[in-house]
Amino acid sequence: MEVISPSPRPVGGSSSAYYFPPSPASTPRTFLDSNLYGDTDLSGPSCGVGEPGTEGSRLYPLPPTSRRNKVLTQDLKTPDSHVERDPRLIRLTGIHPFNVEPPLSDLYDEGFLTTKDLHYVRNHGPVPRVKDFEILGWEFTVEGMLEKPVKMTLRNLIEDYEQLTYPITLVCAGNRRKEQNVVRKSKGFSWGAAGVSTALWTGVSLGDLLARAVPKRGARYVCFEGADKLPNGYYGTSVKLNWAMDPNRGIMVAHKMNGEVLHPDHGKPLRIVIPGQIGGRSVKWLKRIIVTSAPSDNWYHIYDNRVLPTMISPEASANLPDTWKDERYAIYDLNTNSATCYPAHDEKLSLSNGPETYKFRGYAYAGGGKRVSRLEVTLDQGKTWTLANITYPEDQYRLAPENEVLFGGRLDITWREACFCWCFWDMDIPISQLRGAKDVMIRAMDDSMMVQPKEMYWSVLGMMNNPWYRVVIHEEGSTLRFEHPTQPALIPGGWMERVKAQGGNLMNGFWGEKVPGEEETVLMEEPAKEICMINEKVSRIITIEELREHSGEEEPWFVVNGHVYDGTPFLDGHPGGAASIFGGAGQNVSEEFITIHSENAKAMMPKYHIGTLDARSLALLAATEPVAESSEPRPVFLQPKTWSKAILTEKTRVSSDTKIFTFTLDHEAQTIGLPVGQHLMMRVRDPGSQMAIIRAYTPISEGTDAGKLRVLVKIYYDTPKIKGGKMTQALDSLPMGQFVEFKGPIGKFEYLGKGLCTVNAKERRVRRLIMVCAGSGITPIFQVLRAVMTDESDPTSCVVIDGNRVQEDILCKPELDAMAARCKDKCRLLYTLSRPDASWKGLKGRMDKALFEREVGAPPASNDTMVLICGPEPMEKAVHQVFTSLGWKDENILFF
Ligand SMILES: Nc1nc2c(c(=O)[nH]1)N[C@H]1C(S)=C(S)[C@@H](COP(=O)(O)O)O[C@H]1N2
Ligand SMILES: [Mo]
């Protein structure tokens, strides 16, 4: 062992203030003796676990037998191609990095201790490669504000320090995050409820190690750094020095898990393990222990494992460095949590001559050494509760004889009052009661009387999610089917997604169910019809590699709800133009497809359905979903394949129900990038349900404008009788400084100038444009009209017929009037009002056949006039009929 800086002082100097439990006089040497790190074949018998010496008297659990695993084919092409893994693990972030949880029932079935095969894994990057013969020579430092900093090897740690063994439950702070992501997407991937596992860890007390290195006055924190090099540096974090020195806290530097050398995914050969705290502080592949006066400044300590206040949106969080650094938001101790493992999700229970009760069961844990002091079950949504049985297998280790040695470490738990592990609960529920209940919900309480909340606390990173765990019961014929809140990763299923898809507001305090008093609004809601979008006969399984070959403009394929569709036959027919299909090529477009398309459009989908993505590909697709947050400033704002954010900076009222929303782009020189006559998609989140709402709009800014984007929006407010517009009301309630997302351009029509246009990418020349619109339908027409009128050399003549109810409803009237006045020779502008007041001097009445007969008439013999129509669907249909009856052909009529 090499001392980094001199100043020798007697061992234990300043550490005498700390209490350490009595330890046996001699240091156990069983490690090296037992040849565990020697030339033994480490791939040897699949379970490397040996029986402790106290056979017969042993009361505590030992790890179940682990399997012999292989390098999986999926991992071959990744930097983890040296790591053997269990194929049952569910990948949460595509193939790499490796972030996995076991199936919840498998985890429960393993019992108190989890094998390395099924222990959850959270790797921020590639797994460092350490050969077996390198284990004992692994070097690490104990440095910083210490009288005797040292650089040592794992061999030194084993030979010179007392070895301890105890069971510890590790939990990722993101456990149960999928539930949060369903409510509102956080910045984290979707853990189910199995981001938790328990193992027997063997190593040295961190306090022991630090006491010998003698912390200096003023030292308050201990930082850890791993060997995994990540995009923002080595993984690192810190905890408080006084915790590290406190044997009650049990923080250890571990080199064995369940009696075996650490598995590469779990930190081979050395890691920190901290009982009762989130897994994120238990640094793997440990290289440095640094004692400091301030918390770690490692990127991962600051920007990960925090619960920011709930109102901070992902967008806002990007500009709040001081909020991120606020130590009060850093998570250390776990909060109390629990889950139901049986019945499993989708488990079915036969009602005919089955047993009379069902044993509900699952896990619970508390943080900071606290004990789960009760677990309560409700079958009536929280009106009444019943106590479940709880077993604490951890307590059995406390009964072991004094100085019992397990896996070469003293089973240092007899004296402890602290709880380092999960416990299990169960309750027999009569089937008759289950039949009468909608759901079974559970909540745990800890010994500081903190109880799991009914409501979720959402925050940017989606962490520490612990509301009551709710399993819904469906009685279907003679069976009961159970439904968990979610399934991990992208796996569909669970009542949360179902309720959300049905338009329920998950945050209404009633799990998205209708609440008394909410009835009225529910009645006004348009019925959410389930439309089948797949062809049952299609059975082809498609991989991501095949999909990627179709991400160009030739044979564009796209994915909706995991199914693959070929857009090729619909390139000409798509109302949004071929560009909107190319925009989705090779991608998962589920969200925007579902929100933007009508039931009719959805009903057409089976025709284009060609196959289904396999689970691996689906997960990969999600992991590689393009995000617009690139660091490079882009010259053009709109991108066809990814959503780009712009900040709402101004709302200007232009009439009683119409506003101009101004959005600020990434930088002043950034142009919008919208061709004349085309549209963009706008995405906002419903303030209540946080569901995405997407609609197409045409801004009033010119597509070549830079820095700002202005959109004119008529807001359809709710009235007592009629439900208003979801999109427009969500936009209206958006506070300044919030972002809205945009994507585009889309549209099959483009005006290139001087009479040249394209329709579905085919060029055509026009001499005359007849533009018919109503209400906010003026916006795309305004774009085209402005292009014609501002170009003096453009000879195209235009007729605009704009129908509204009252004068105040005519949008952009001053601008339109000014253009018409300037270009009298090529612009005729007609307004007609259906309910004009006495002062109105213009046309009166609806847009009927008489009006168009008089003002437009039959089509000219030359094929050089086009009719552009934009307004509400009934108006578009009626106008279409009139033009057809006047002899106009469809090829000359275009709907925006
Ligand atoms: N060096 C290093 N240590 C790390 C991580 C990491 O990515 N690199 N992930 C952390 C997180 S967030 C968790 S939850 C735990 C997971 O430990 P496990 O993979 O052994 O279950 O390791 C922690 N330690
Ligand atoms: Mo984690």
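A Cβ is built for glycine as well, from the same backbone N, Cα and C atoms used for every other residue.
Look at Cys172 (Mo-molybdopterin binding site): DSSP puts it in coil. Close to Cys172 (Mo-molybdopterin binding site) in the fold, though at least 6 residues off in sequence, lie Tyr120, Arg122, Trp191, Gly195, Val196, Ile278, Gly279, Gly280, each with a CB less than 8 Å from its CB. Feature annotation from TrEMBL assigns Mo-molybdopterin binding site to Cys172.
Among the features that TrEMBL reports, compositional bias 'Low complexity' is placed at 10-20.
Per TrEMBL, the feature domain 'Cytochrome b5 heme-binding' maps to 539-614.
The feature domain 'FAD-binding FR-type' is assigned by TrEMBL to 641-752.
Marked as region 'Disordered' by TrEMBL: 1-70.
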Secondary structure tally of the domain 'Cytochrome b5 heme-binding' (539-614) (DSSP, helix then strand then coil): 29 helix, 16 strand, 31 coil
DSSP residue counts for the domain 'FAD-binding FR-type' (641-752), split into helix, strand and coil: 7 helix, 53 strand, 52 coil
